[in-house]
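Inspection log for the structure reproduced underneath, given as structure tokens.
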Amino acid sequence: MVTYAGKLVLAPMVRAGELPTRLMALRHGADLVWSPELVDVKLMHTKRIENAALSTVDYVETSSRPGHTQGNNIVFRTLPREETGKLILQLGSNNPENAVRAALNVVRDVAGIDLNCGCPKHFSVHNGMGAALLSTPDLLCAILSSLVAKVGRVHDKPVSCKIRVLDSLDATLALVERVCATGIAHLTVHCRTRDMRNRDAPKWDYLAPIAEVCKRHGVSVTLNGAVQSRAHFDTLREELKLGPEVGAMIAEHAERNPSVFSRATPLEWPQAAREYLALAQSLDNHVGNTKYMLGRIIPGKQRMYQYMTRCKSDAELTWLLAQMDDEGKCTDDDPLKHIQEMRKGETKSESSGKNKAGEEEKPSAKHKADEADEPSGKRQKTEPKLSV
């Protein structure tokens, strides 16, 4: 069974936490990685498919739900040879039964199940998930208790949750007591309240008493909020007088550079961008999601950022980053002109690829994950030819 104590981990992040980012984080020293928040009702209607072309396991929505169009949509993808024993799946849920059904559907391919009780985004909160559960502790604890009893104990997989602190320390400690009593193995604490933004300093003074409560229950604890890198976590440990059993979770800074987990100096952004692009393309990542992440890695003030936003295909991105020197400067005098010429060539190629009946050639057998605009994990419809 996976252990969390003292680990430095990648946070669950919608759009940013897809497979390429997780693998890059692991390769640069992350101990564990979280999936993006996946909503239970979406996940429980998926079918497990082994993708031989990519050596991945894909969870694909193949049956329609009320009000949803039927199609083959990738909801979740993992690469077992690198993520086994290191991947925690985060659920978005407001219902114990649905949470259990979703978790049971994927439990064989993840190291643990985590319940999102801290996301303040509208999609989660207005559906009674995420940070909304902080205001409904009975429901929060009911979901956790069900996951522990029907998933965790049955399959020997730890159940955890991620919360934000409440307005007062006393209220926070009371909540932590109840949460720990459900039988969870681990608690991640974002040391900001639901209404605080990332620019606000975390309430680090809450952490020590929270850790004491967790210790009494045999629950490990991870801090979250403004952690920048492994070196920064080491500094925080000393400043906050944390024991070696307390771990840390990195979000924003890992989104901008997944190599911040390294014990050495993290990559500069040009090197990080190149590495991420190569990894994303090797995993057949959807170009929209790849562009989103490159837009986080490449500083917005750089000309390379402006050029990147004009790209519309993997081929264009590959060409552009091949023209980038180690300082992030473009060595081509007119990259936008070249990109336009590439696009014209691609258009001609697509036109010639039509058959006599005027139909397009069949799409690739590989799945392409669309960028997730919400935690439900929307994915592009595909026609996979994969072995179950």
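Glycine is no exception: its Cβ is also placed from the backbone N, Cα and C atoms.
Note: TrEMBL annotation is automatic and uncurated.
If you look up TrEMBL, you'll see 11-319 marked as domain 'DUS-like FMN-binding'.
Within the same chain, residues at least 6 positions away in sequence whose Cβ sits under 8 Å from that of Pro12 (FMN binding site) are Trp34, Ser35, Pro36, Glu37, Gln90, Asp114, Asn116, Lys162. For Pro12, Met13, Val14, Gln90, Lys162, His190, the entry in TrEMBL reads FMN binding site.
Every protein chain considered, the tally of other Cβ atoms within 10 Å of the Cβ of Cys119 (active site, proton donor) stands at 24. The active site, proton donor annotation in TrEMBL covers Cys119.
As annotated by TrEMBL, region 'Disordered' applies to 328-388.
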How big is the gap, in Å, between the Cα of Cys119 (active site, proton donor) and that of His190 (FMN binding site), rounded to a whole number?
10
Enumerate the residues of the same chain, Pro12, Met13, Val14, Gln90, Lys162, His190 excluded, that satisfy the criterion Cβ within 8 A of the mean position of the Cβ atoms of the recorded FMN site; list them in sequence order.
Ala11, Gly17, Trp34, Pro36, Glu37, Asn116, Gly118, Cys119, Ala251
How many neighbouring Cβ atoms, not counting its own, are there within 10 Å of the Cβ of Lys162 (FMN binding site)?
25
